[in-house]
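Peer 1: Input: one structure, supplied below.
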Amino acid sequence: MSDLFRLKAALQLYDWGKRGHHSLVAQLAQNAIGHPFSVDDKSSYAEVWMGTHANGAAHTFHFPYQPLLKTISSDPTYYLGSSILKKWPSTTHLPYLFKVLSVAKALPLQAHPDKALAKSLNAEDSSEFVDANHKPEIAIAIGEPLTSDGGWGDEVAFTGFAGFRPLEEIQQFIQNIPELARAIGDKQATTQFLEKPSKDTLKAVFGALLSRGVADQAAVSEQIRALVDGIQSGGTTSRKYLDEEMVKVLIKLDGQYPGNVGVLVASFFMNFVKLMRGEAVYIGADEIHAYLEGDIIECMAVSDNVLNAAFTAAAQARDQVPTFLSMLTYTSRPTANWSLPHTPYKYSQNKLTRVYAPPLEEFVVLGTYLSEEQGVEVLGAIGGPTVGIILKGRVKVALDVAGSEPLELERGGVFYAVPHRQVTLQLLDGKGGEVWCAASMV
């Protein structure tokens, strides 16, 4: 195997994914997966995975047609680099899992456990929680502006929910939306939160609502129905406390998951995040979130652990809500605090690359934009491996090593470059090229 080779990614179909040719994932899969893949317009194409995780392992695209992990394990120092092996000596997995997502409707309301909880859950039930690792993640909007339901304005390409709103915002909603207060159904928890909003009283009032959504779904659903119907008919006083965007969010969520407690949780307790193309959010371990719509690059520490509390099967919510409630950080902060700004990549020779660097050791994400005028970028050598995907254009990928065979990849093509190699990206065809990479900088 060479120091630069093509990968065959893994495909994930979930019901929240976009259908058929409307899915960016399906469009990319024709080269990311290759023959014999073909698009079925009745299928929901949700994710492309580019990594070593067993739940969606990448393979070498050409001979010897083997899992990427097997290739890496044949010579870990060569394929991962000594710095990564020193940092994570017990594994030869890539330290990150790189993905593309195409989201048509809300994902489950979820959180990913930190390392300590992941180890505990994995020890208790390794079939449900397959990893003893944390899963902090970033999401970067890469799609076109959203147009469903009239769009969200300002070139918004992705929407979702991240973390708890500021306490005073939640306080105002509970105070002014009687349907929400009735759905919570715990007067003591509600009163204590309204009198003294804090992390502890938020945990109590939020826990009351989410737990009731599991234990007495009919009662919660009744209040959601009263609120949504009242908004649409003008029969509720709550309408005057909701702006047009909140009304749109409520109606959209209820249309996707009628009467689900997540409609109230996401709308009134969580920040509504809107990203333009190229903007990103960082979601740490134990933080509540749910993506709503759009195409994104996603990268995370290598793990597939998740706890789902709403917008999911009732049995799963019932099993996981207690742990979900105990694991959350209950950090309240404005939407802007969840953003992950990009900066110019200092190892970029021609300054065509931006870097998204979360507060993690496992990975950074690089976005490279090529044009007819500036069609070549050179990425300096780093100590860890790089996995990349061509999002636009036909691009030549080459390394600065004698005898290394370059790759010419079209949209959806995926590559792996070993550590300590300079990577050159050259636009061959198209009005523009776009390449996204995950890399370890340890």
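Note that Cβ sites are derived from N, Cα and C of the backbone, with glycine treated the same way.
TrEMBL feature annotations, pasted as is:
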BINDING   Q110, H112, E137, H289  Zn(2+) binding site
DOMAIN    4-144  domain 'Phosphomannose isomerase type I catalytic'
DOMAIN    191-268  domain 'Phosphomannose isomerase type I helical insertion'
Peer 1: Within a 10 Å radius around the Cβ, which one of these binding-site residues has the most neighbouring Cβ atoms: H112, H289?
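Peer 2: That would be H112, with the most Cβ atoms nearby.
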Peer 1: Summarise the domain 'Phosphomannose isomerase type I helical insertion' (191-268) by DSSP state, stating how many residues are helix, strand and coil.
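Peer 2: Its residues divide into 65 helix, 0 strand, 13 coil.
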Peer 1: Please work out the helix, strand and coil residue numbers for the domain 'Phosphomannose isomerase type I catalytic' (4-144) from the DSSP assignment.
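Peer 2: Grouping H, G, I as helix and E, B as strand yields 43 helix, 41 strand, 57 coil.
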Peer 1: Please determine which of the binding-site residues listed here (Q110, E137) has the lowest count of neighbouring CB atoms within 10 Å.
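Peer 2: Looking at the binding-site residues Q110, E137, the Cβ with the fewest others within 10 Å is that of Q110.
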Peer 1: What is the average pLDDT across the domain 'Phosphomannose isomerase type I helical insertion' (191-268)?
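Peer 2: Looking only at the domain 'Phosphomannose isomerase type I helical insertion' (191-268), pLDDT averages out to 97.
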Peer 1: Using the Cβ center of Q110, H112, E137, H289 as the Zn(2+) site position, which other residues in that chain lie within 8 Å, going by their Cβ?
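Peer 2: In sequence order, the nearby non-listed residues are A111, K135, I283, E287, V306.
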